[in-house]
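The following features are taken from Swiss-Prot:
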- Asp310: active site (ACT_SITE)
- Asn23: N-linked glycosylation site (CARBOHYD)
- Asn87: N-linked glycosylation site (CARBOHYD)
- Asn142: N-linked glycosylation site (CARBOHYD)
- Asn237: N-linked glycosylation site (CARBOHYD)
- Asn326: N-linked glycosylation site (CARBOHYD)
- Asn404: N-linked glycosylation site (CARBOHYD)
- Asn442: N-linked glycosylation site (CARBOHYD)
- Asn479: N-linked glycosylation site (CARBOHYD)
- Asn521: N-linked glycosylation site (CARBOHYD)
- Asn657: N-linked glycosylation site (CARBOHYD)
- Asn684: N-linked glycosylation site (CARBOHYD)
- Asn706: N-linked glycosylation site (CARBOHYD)
- 1-20: signal peptide (SIGNAL)
Amino acid sequence: MPGAASIVAVLAALLPTALGQANQSYVDYNIEANPDLFSECLETGGTSFPDCESGPLSKTLVCDTSAKPHDRAAALVSLLTFEELVNNTANTGHGAPRIGLPAYQVWNEALHGVAHADFSDAGDFSWSTSFPQPISTMAALNRTLIHQIATIISTQGRAFMNAGRYGLDVYSPNINTFRHPVWGRGQETPGEDAYCLASTYAYEYITGIQGGVDANPLKLIATAKHYAGYDIENWDNHSRLGNDMQITQQDLAEYYTPQFLVASRDAKVHSVMCSYNAVNGVPSCSNSFFLQTLLRDTFDFVEDGYVSGDCGAVYNVFNPHGYATNESSAAADSIRAGTDIDCGVSYPRHFQESFHDQEVSRQDLERGVTRLYASLIRAGYFDGKTSPYRNITWSDVVSTNAQNLSYEAAAQSIVLLKNDGILPLTTSSSTKTIALIGPWANATTQMLGNYYGPAPYLISPLQAFQDSEYKITYTIGTNTTTDPDSTSQSTALTTAKEADLIIFAGGIDNTLETEAQDRSNITWPSNQLSLITKLADLGKPLIVLQMGGGQVDSSALKNNKNVNALIWGGYPGQSGGQALADIITGKRAPAARLVTTQYPAEYAEVFPAIDMNLRPNGSNPGQTYMWYTGTPVYEFGHGLFYTNFTASASAGSGTKNRTSFNIDEVLGRPHPGYKLVEQMPLLNFTVDVKNTGDRVSDYTAMAFVNTTAGPAPHPNKWLVGFDRLSAVEPGSAKTMVIPVTVDSLARTDEEGNRVLYPGRYEVALNNEREVVLGFTLTGEKAVLFKWPKEEQLIAPQ
C-alpha cells in the first residue's frame, strides 16, 4: 500500500507557521505562535468508552439511558472539581480518572475520509478510504453521492472509534464558499455558490455523518465550519489569523451564512466551528452576535449543540486581533460569547486566572462542557456495548462498498472543458502509443488534496494507462513550478514526437494551494504553459488535464486549436488516475460541471481578495457568477458531454406550472411536511431530456433564476436547483424534475432580510438557457426571513 503523509506531521508544521504570519494591513503585532499550543492540541484522536456497567459512573445519572441528554450531561459535569472542569474545556480533554471519565479528543477529521486518527502501521486500521475533495464531489451534481460518501466515512469513523483510535465528532464539513479564486482552501469546499450548492452539500454530508436528521443515537457528530466569513489564508500577507473582514449585512445574510442556517435548522448539525478571522471588528470566536443571536436564537441550532473554536482561534482573539487585552481575557470573552470548546490550550491554561479575576464563573465553564457531553451522550458515548453502532468493526470498513464508491465519485466529478472530437479515444483509432507527460502524470498522494489519511491504494494516471490497451511512454517534463533539470523539457518533446498522441497532466497542487497558503495569481505555472505550448506546436493530438481545486486561466489552451481537449480533474482521490483514464478512453462519459468560475488572470491581479463585497462597485467587477460583470474563460456550470442531448419543456408543464402566483396566497398555503411555507416548492421545473447521440451518458443540469424584481442592482442569475440523470441511453429520453422553492426566489435586502418581490421571473436550464419557464409573482412584497439587529451581547475585556 502506498504510504501517505501523516496529517499530524503536516498540521504540526502548518499551524505554527500560520500563527506566525504577519498581517501587513494592521498594526504589526509581531505575531508568534502560542508556544504552549500544539504538542497537546495535536494529539491524535482515540479514546475508550466510559464504563457504564460496573465503573464509578455506572450508578450515576449520566449512565441512565432513560434520562434526557442534557440532564445526564449536567449530572456528570456537576461531579467535576473546578480543576477537572477546566481540564475538559479544550479539544484534548483530560477526563476525570477520579470518577472513571476517560480522556477525550474532540479533534478528528473527515473532510473526504477518516483522518487525524490513530492509524496502525499495517493491517487493521492502517488506512481509510480517501474520496475526492469536496470541490470535485460537488461538480458531479449528485446529492445522493454526497450522502453516500458521508455515510461510509461515518461507518469507518465509528469502527476506528470502537477500536479506541478516533472520536465521535469530526471537524467537517467545510461549507465556506469559494468566493475568490486564489483561496488555498477552496478545494475543501463545495464551490462558489452558497444558497444552493454549499447548503445542499451541508445537508447531505451532515445527515450522512450523523445518521439522519434527528438521529438517535447520532452515528457521529458533524461540525459545520468555518463560521463565518472565512475564505482567505495569507493573500498579500493578510493573515487569516488577524483578518478583519468587512462584510455588509446584505452579503453576510445572502452569501456568507445561509449554508450555516441550513446546517443548523434543517440538517440539525450538533457542532459548529467559529473561525480565525474577525468580521466587522469582532473575532468570530468572541462574537456573541454570531454565536448566540444568529446561531442559537435565529438559526435554530440544536439544544446543547456545541461550538468549537478553530485551532488556536481563541488565542488569536488576543494576538493578533488585539480584541482582548491578554490571553486570559481572550479565553473569558470567548466562553461567554458562546465558544464552548477551545481547540487549543487557552482555556485550560488560563481559566484559573480568568476565574480568579472574576471574568468567568463556574457556570460559564459548565455550560460549554455540558453541551459537549450532551452531544456525546446523543452519540451513545455512555450507553454501553448494546448501543447501536458499537458493533461496527474493521470488517465493516473492509466490506463496505467504499472503494467502488470512491471510483464512482471520481468518475462522476470530472469536467470536460473542451473537446474538438478527439475524445473519447477509441480502439479503432490510429492511436497506439501515448506520451504521458507532466507533474500530475504519476500523481499519487497528490490526488488527495489536503486533510487525508493513508489510503488503501493510490492509482495514478500512469498506472491506469499502463494497464490499458495503449503503449505508454512517460516522462515528467516539468514539475509544478520548476523544471527538474535543464533537459527535462527537451526530453519530453523527444518522447512526444515518438508517440501518436500526447497527454499532458498538470495544473496546480498543494505546493501552491492549501491551508495557510493562497495563490498570488491564477495563471498556469509558466514552466508548464511553456511546455504545453511546445507540445502543441508538434501538431500531434494533445489532451491537457488541468488538475487542482482552484481554477487557472486556461484561455491560451482554450484558444489554441492544437490543444484538442481540456479536462478539469480537481483532486479525484485514491482512484483518480483510473477515473481519468476511463473518461479519456470512453469507458466512462463525462457529465460534471464547474462549480466555480474560471476567471481571466487579470481578475486576480487587479481585484483584492480581501474585498468581501459581492456586488460590483467602483473597481470591484462583482464576485461569483451571480455578480461578475466580466467575461469568464469558462462559466460556472460549464461542462461538455461525449454525446448530444436535447432538452424541452415536459409535456403538460404548462398546466402543471402556473404562470402567475399571488404572494399572499402562496404564503398562506398549508405546508405539511415542511417546517416553513417558504421551503415548499412554488413549482416544479420539469424538462424532458433526450440523448440524440450515440453514447450512453449521464446528464446533469442546473436551474437558474433571473429577474428584475426588487431594487437594483440585480444579479445576473442565481442557482435554485440541480440534478443528475444516470445512464441515458442513445435514442432514449428521461424526465428531470427540479423543485423551485418559494424561498429560492427571494432576494436579500440591505438589512439582510430575505424578501419575496412581485415581478416577472424566469427559470432557465443551464447557461445555454435550453428551456425557459416564465412566471409572475403578484401582490405586495413579503419578508420571509428577518435578519436580527447586529449587536454584541458580551463586551470585550
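The backbone N, Cα and C atoms fix where each Cβ goes, and this holds for glycine too.
The structure displayed is predicted, hence computed values, not measured ones.
Location within the structure of each feature annotated in Swiss-Prot.
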| residue | record | CB count, 10 Å |
| --- | --- | --- |
| Asn142 | N-linked glycosylation site | 24 |
| Asn237 | N-linked glycosylation site | 10 |
| Asp310 | active site | 26 |
| Asn326 | N-linked glycosylation site | 15 |
| Asn404 | N-linked glycosylation site | 10 |
| Asn442 | N-linked glycosylation site | 17 |
| Asn479 | N-linked glycosylation site | 17 |
| Asn521 | N-linked glycosylation site | 16 |
| Asn684 | N-linked glycosylation site | 16 |
| Asn706 | N-linked glycosylation site | 17 |
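Note on Asn87 (N-linked glycosylation site): other Cβ atoms within 10 Å of its Cβ, all shown chains, come to 20. The CA atom of Asn521 (N-linked glycosylation site) is located 14 Å away from the CA atom of Asn237 (N-linked glycosylation site). In the three-state DSSP assignment, the secondary structure recorded for Asn237 (N-linked glycosylation site) is helix. Distance noted between the C-alpha atoms of Asn142 (N-linked glycosylation site) and Asn404 (N-linked glycosylation site) is 16 Å. Cα separation, Asn87 (N-linked glycosylation site) to Asp310 (active site), rounded: 18 Å.
According to DSSP, Asn404 (N-linked glycosylation site) sits within a helical segment. Separating the Cα atoms of Asn404 (N-linked glycosylation site) and Asn442 (N-linked glycosylation site) is a whole-number distance of 21 Å. Comparing Cα positions, Asn706 (N-linked glycosylation site) lies closest to Asn684 out of the recorded positions Asp310, Asn326, Asn479, Asn684.
The Cα atom of Asn326 (N-linked glycosylation site) lies nearest to that of Asp310, taking the recorded positions Asn237, Asp310, Asn442, Asn479, Asn684 as the candidates. Counting only the Cα atoms, the space from the residue listed as 'active site' to Asn479 (N-linked glycosylation site) is about 34 angstrom.
Closest in space to Asn237 (N-linked glycosylation site), of the glycosylation sites given as Asn442, Asn479, Asn684, is Asn479, taking the CA atom of each residue. Counting only the Cα atoms, the space from Asn442 (N-linked glycosylation site) to Asn479 (N-linked glycosylation site) is about 11 angstrom. The CA atom of Asn479 (N-linked glycosylation site) is located 49 Å away from the CA atom of Asn684 (N-linked glycosylation site).
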